[in-house]
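Undergrad: The structure follows.
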């Protein structure tokens, strides 16, 4: 059977918070079967836990943020969450000593490296998948996102940016999930933003950690980063990365196909909530024979670059 996974050892990394611009320390700890993904603020006394749950996502303005009833929050969880989904980690406690996960280079790649450094431990409990049984669609103006039954996990994503630096041919991506393809083709795509927006946010004491080191930055005509893009379709690829992270906020791998047009964190979260609220739209399932699995996770001990 495909088994649940956690980490073999405790790992830690330090980075800068996108919003505060301050140093943030992130610690990942192994967890027992059926613990799920738990985010924990350790700078508070007592510490505050946020289980991965679409209902905990209450702010999607500039990132995906978990907020509890007392207004305590952890921001910018989506790239780490995408890395957990990509590597197939079911059980982990994520400790952070700040109100946000460090932004690192603006992609999921540093988190994938961290998870691989910790090592993967398979647990003697079946991995629980959410299998989509019928289509569910959310619309917002001309934006939409839909998930439908599919024997695997596939994302068909289209963006629509009218910008000289973003070619029309590079605004659509179909991604068939496997750990190997996620790490190789998706995880390195960075977040992006416009210089005018960053300057405005920083004037409002926001996005203080934003820089060329953690994002693709554009003006009205071109990409301002000296090194340019990591690959031609990096913009839409990052949107796929975000969607992988946003959908994994249910704490389980999904068997289904997401199609989306101009979707972002808010629409992704609304879709996930709508699916889980409809008892006829999904079911729990396990995969007894790994040879029959429609999704391929990396083997424990294997390092993919």
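Just so you know, the numbers here start at 1 and follow the chain as drawn.
Glycine is no exception: its Cβ is also placed from the backbone N, Cα and C atoms.
Grabbed the feature section from Swiss-Prot, which reads as follows:
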- 79, 238, 242: Zn(2+) binding site (BINDING)
- 265: active site, proton donor (ACT_SITE)
Undergrad: Which number gives the other C-beta atoms within 10 angstroms of the C-beta of residue 242 (Zn(2+) binding site), all protein chains shown included?
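TA: That number is 24.
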Undergrad: So which binding-site residues out of 79, 238, 242 end up within 10 angstroms of the residue listed as 'active site, proton donor', measuring C-alpha to C-alpha?
TA: 242
Undergrad: Please work out which residue of 79, 238, 265 has the most C-beta neighbours within 10 angstroms of its C-beta, and give that one of the recorded positions.
TA: 79
Undergrad: Excluding 79, 238, 242, which residues of the same chain place their Cβ within 8 Å of the centroid of the Cβ atoms of the recorded Zn(2+) site?
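TA: Neighbours found: 78, 82, 106, 107, 108, 189, 190, 191, 239, 241, 245.
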Undergrad: Indicate whether residue 79 (Zn(2+) binding site) is helix, strand or coil by DSSP.
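TA: In the DSSP reduction, residue 79 (Zn(2+) binding site) maps to helix.
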